[in-house]
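Heads up, the thing below is written out as C-alpha cells.
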Amino acid sequence: MSNQGAIPNKDQGPGLIKRIWRFLRHPAATISAGALLLIGVVVGVAFWGSFNWSMEMTNTEEFCIGCHEMEANVYAEYTETAHYNNASGVRATCPDCHVPKEWVHKVVRKVQATRELYHKALGSIDSPAKFEEKRLELATNVWTAMKKTDSRECRNCHEFDSMDFVLQEGRASAAHSDAFKEGKTCIDCHQGIAHSLPANALEAYKEKVSAVYD
Amino acid sequence: MKTGVPWKAITIMAVLNLTGFAALNAHAEGVKSLRGVQVDEPVFVEPIARPQNTRVNREFRQQPPLVPHKTEAYQVDLKVNQCLTCHDWANAGEKKAPTLSMTHYADREGRQLDQVAGTRWFCTQCHVPQVEAEPLVENEFTPSSKR
C-alpha cells in the first residue's frame with residue numbers, strides 16, 4: 001500500500017519496445033495460428049499474383065512487338081495471313097502459337113525467352129540483313145519445338161477430332177485423314193502459315209526436323 | 001517609277017490567288033468520287049467468288065492447266081516456292097499431287113535439270129485458279145478442244 005505511489009506502472013506490463021521484440025520472437029503467443037496462416041496466404045497471393053501478372057503482361061502481342069526485331073519482319077508478315085484476319089473473326093496472336101498455355105510449360109518457355117533479351121542486347125537480328133541471315137536457324141528452332149510437342153500450341157485451337165473432313169477442301173481432308181493415321185503433326189505440312197519462309201526452308205525442314213524426329 | 005510598295009508583285013499575286021481559288025473551286029465541284037457514293041454511305045461490294053475445286057479440261061492442247069485449288073496462301077518468291085512442296089518430282093507421290101511435266105525442268109537450251117527451271121519458277125504466271133463469276137469482259141475465244 002505504501003509502495004503504490006512509488007511504482008505506478010507495475011500492472012501495465014512491459015514497455016512498447018519490449019512488446020514488439022517479444023512479438024517478433026514468439027509471434028504465435030500474441031496472434032492465433034489462424035491469423036498467421038491468413039497473413040501467410042495474403043503475402044503468398046500477392047507474390048503469386050504479381051508473378052502471374054508479369055507472366056500475363058508478357059503474354060500479349062503488344063509486348064512481343066515492343067521489340068522492333070519482332071515487329072518489322074514477323075509481325076508485318078503475319079498481318080497478311082488468315083491467323084490475323086479471317087471470316088470467323090478469331091485471331092491467333094503471337095503467344096497463342098509461341099507460348100504454351102499450361103503453367104509449367106509456360107514458365108519453361110518464359111525462362112528460355114530470356115535468351116531473346118540477351119540477343120536483343122547483342123543486336124543479333126537488329127537489321128533486316130542480320131535477321132535474314134539468322135532466320136533459318138530461328139525457324140528451325142521453332143519447328144523443332146513444335147515437332148517435339150506434337151504441335152501442342154496449334155492443337156489449343158485446332159484438333160483433328162473436331163475437324164469436319166467433309167467440309168474441308170478435298171486436298172485437306174485427304175491429307176488429314178492420312179496424317180491422323182500416320183501420326184503426322186501439323187507443323188510437318190504447315191510451315192510458313194504465319195510468316196514468310198527463308199530460302200532453303202523446305203530442304204532444312206526435311207533434313208533438320210523430319211529426318212531427326214520422325 | 002520607284003515607289004516603296006511593290007505593286008506589280010502584289011497584283012500578280014492577287015491574280016494568281018484568285019485564279020487558283022477559282023480553279024480549286026471548279027475542281028471541287030467537278031470531283032467525282034471513285035467510290036461512287038458519299039463517304040458516310042455504305043458501299044455494297046460484289047460477293048467474293050469461291051475458287052473452283054475441280055480439275056478443268058484444257059481448251060487447247062498447249063494450255064497450262066488451270067489450278068483446281070486455292071493458291072493465295074502459298075509463298076512463291078525468290079526465296080521459296082511452296083507449290084513445289086507438292087508438285088516437285090521428289091514430293092508429288094507422297095503428297096498425291098500431279099508431278100510437274102518434263103517441260104518444267106528444261107532450261108532455255110533444252111537441257112533437263114533436276115530442279116525446276118528458272119523460266120518456270122513463277123507458276124502463277126501460267127497457272128491460275130478459276131472462280132464462278134461473271135466475266136468482266138466479253139470472251140470470244142473458241143476452244144480448239146471438241147466437246
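Start at 1 and count along the chain as shown; that gives each residue its number.
Keep in mind that glycine also has a Cβ here, set from the backbone N, Cα and C atoms.
As written in TrEMBL, here are the features:
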type     : residues                            : note
BINDING  : A:Cys64, A:Met70, A:Glu116          : heme 1 binding site
BINDING  : A:Cys67                             : menaquinol binding site
BINDING  : A:Cys94, A:Cys97, A:His98, A:His195 : heme 2 binding site
BINDING  : A:Cys154, A:Cys157, A:His158        : heme 3 binding site
BINDING  : A:Cys186, A:Cys189, A:His190        : heme 4 binding site
DOMAIN   : A:28-199                            : domain 'NapC/NirT cytochrome c N-terminal'
TRANSMEM : A:28-51                             : transmembrane segment
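If you compare Cα positions, A:His195 (heme 2 binding site) sits closest to A:Met70 out of the binding-site residues A:Cys64, A:Cys67, A:Met70, A:Cys189. In this structure, A:His98 (heme 2 binding site) is part of a helix by DSSP. In this structure, the CA atom of A:Cys189 (heme 4 binding site) is 26 Å away from the CA atom of A:Cys64 (heme 1 binding site).
Using CA atoms as reference points, the binding-site residues A:Cys64, A:Cys97, A:Glu116 were checked against A:His158 (heme 3 binding site), and the closest is A:Cys97.
According to its DSSP assignment, A:Cys157 (heme 3 binding site) is coil. Mean model confidence of the domain 'NapC/NirT cytochrome c N-terminal' (A:28-199) amounts to 89 (pLDDT, 0 to 100 scale). Neighbouring residues of the recorded heme 1 site, listed in sequence order and excluding A:Cys64, A:Met70, A:Glu116, comprise A:Phe63, A:Ile65, A:Gly66, A:Cys67, A:Glu69, A:Cys94, A:Ala113 (Cβ within 8 Å of the Cβ centroid). Considering only the residues assigned to heme 2 binding, A:Cys94, A:Cys97, A:His98, A:His195, the longest pairwise Cα distance works out to 13 Å. When the Cα of A:Glu116 (heme 1 binding site) is compared against those of the binding-site residues A:Cys67, A:Cys94, A:Cys97, A:Cys154, A:Cys186, the shortest separation belongs to A:Cys67. In terms of Cα distance, the binding-site residues that sit within 10 Å of A:Cys94 (heme 2 binding site) are A:Cys64, chosen from A:Cys64, A:Cys154, A:Cys157, A:Cys186.
Of all the binding-site residues given, namely A:Cys97, A:Cys157, the one with the smallest number of surrounding CB atoms inside 10 A is A:Cys157. The CA atom of A:Cys97 (heme 2 binding site) is located 6 Å away from the CA atom of A:Cys154 (heme 3 binding site).
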